[in-house]
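**Q** Pulled these features from TrEMBL for this protein:
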SIGNAL    1-32  signal peptide
COILED    351-391  coiled coil
DOMAIN    392-460  domain 'J'
COMPBIAS  449-458  compositional bias 'Basic and acidic residues'
REGION    449-492  region 'Disordered'
COMPBIAS  469-478  compositional bias 'Gly residues'
Amino acid sequence: MEAGRRRGLSGIVSSLSLLCVILDLQLDGLLGASHAEIEQHLEMGRKLLAAGQLAEALSHYHSAVEGDSKNYLTYYKRAAVFLALGKSKSALPDLTRAIQLKPDFLAARLQRGNILLKQGSAQEAREDFEAVLLGNPGNEEARSQLALTGELERLSEDAQAAYRQRDYQGTVTVMERVIELSPWDPDARELRAACFIELGEPRKAIQDLNPTTKLRNDNRAAFLQLSRLHYSLGEHPDSLSQVRECLKLDQDDQECFSHYKQVKKLSKQLESAEHSISEQRYEDAIEKYEAAMKTEPNVPFYTTRAKERICHCLSRSKRAREAIEACSEAHQRDPRNIFILRDRAEAFILNQEYEKAVEDYQEAREFDAENQEIREGLERAQKLLKQSQKRDYYKILGVHRNANKQEITKAYRKLAQQWHPDNFQSEGQKKEAEKRFIDIASAKEVLTDPEMRQKFDAGEDPLDPESQQGGGGGGGGNPNSWPFEFNPFGSGNFHFKFNYN
């Protein structure tokens, strides 16, 4: 039994030995074959690099490095391709590996020093430049770069000192040169961004923070800061985009998720409100903008925007007095906004305050002289002002400009009964009543005829010969003539039935 076990164990050992020999032979064959392949990859890499096909060249250098991990030149060449592709962070480990394999490889040290300097790692860059100069004292590039490294170190200290003293403008001034020397340093850009925020220049802060999301791995803080800056500027779609990038890096990040919910809610409300306006559902839009102001009461942009759009909705829905009040409040918050002035002008027109409408359109034109809508609105308001100084049919009947046909007819009947000449005794009173009665009938004729009313609302009196150039509807051009086919006052007796339609 024991002998059997020994024979079995001996057989296993023999089999394992044979397997090792076979694997050894196969490995030797593979390594021997890979040398030619490595040379082929290197040659193809060189050709593609010379042809500017960087991505294809990089693929061959990857294969060469995998085939021979002890060749310092292969790492160096791959680093050169990474740099040509703008991937300095990927180039740095290859240069470091090349230096580890050949410590006196000065070209790799010089290249690594240049990258470290641009990344803001002044002390490490200094060590590389000094090593190059130790091996080759006449290397002018290393000497020049070493001087720049010293300058970077001094300026960085000055910037930090200025920032600690809250001299933000002074810090920004120094950081301009720091970032020129080390454009790939995220710390430098973040410091200058912090200064811009303190100086009230958020757009410049955004410009500095954007690159840091790529210069620093997992830079959730930068994405969140960018989102908040865009949000404060009223750029909620950009804010939403940036905070989503933060959550892509870590969906459980509490700060990012909390901010995301706020931006998402507000964006939905604003977009929904604008959709309602596009469908002329103005009351619905007003409710949504009021809700948006409650969602975000602390950022002035959103309150100002909401009040501007509420002003617009009220003006469009012909609620003149409410629109004037809302637009005036919005105008105080944003006095150079031509759209607020336009909407208030239209509300003034509805309220028959033409002089104020002209003033608003003139003010809007001062801010944007090329805006066609403003120019046309001003011309119309001026026509209406001129028209009102002659005869205003709305005022004659005592109705608003947005009155419907039923309201106009009701007002006409009441006034026609009141000013019928038969109600007056003296000759002077009868003449005054006749004049008022003709005006009332003219007003009714114009305002109940859609085409004539449209002309009047555009600033043209369809019964005024000056507007009609040779005669308009009904009255033959005389604004005080009877606008129908007969004059009921021609007989002089006024004893007739009048049909108040």
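Yeah, the Cβs are placed from backbone N, Cα and C, and that goes for glycine too.
How buried are these features, and what lies next to them?
**A** Across the coiled coil (351-391), mean pLDDT in this model comes to 92.
Counting residues of the compositional bias 'Basic and acidic residues' (449-458) by DSSP class, helix then strand then coil, yields 8 helix, 0 strand, 2 coil.
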**Q** By DSSP assignment, list the helix, strand and coil residue numbers for the domain 'J' (392-460), in that order.
**A** 51 helix, 0 strand, 18 coil
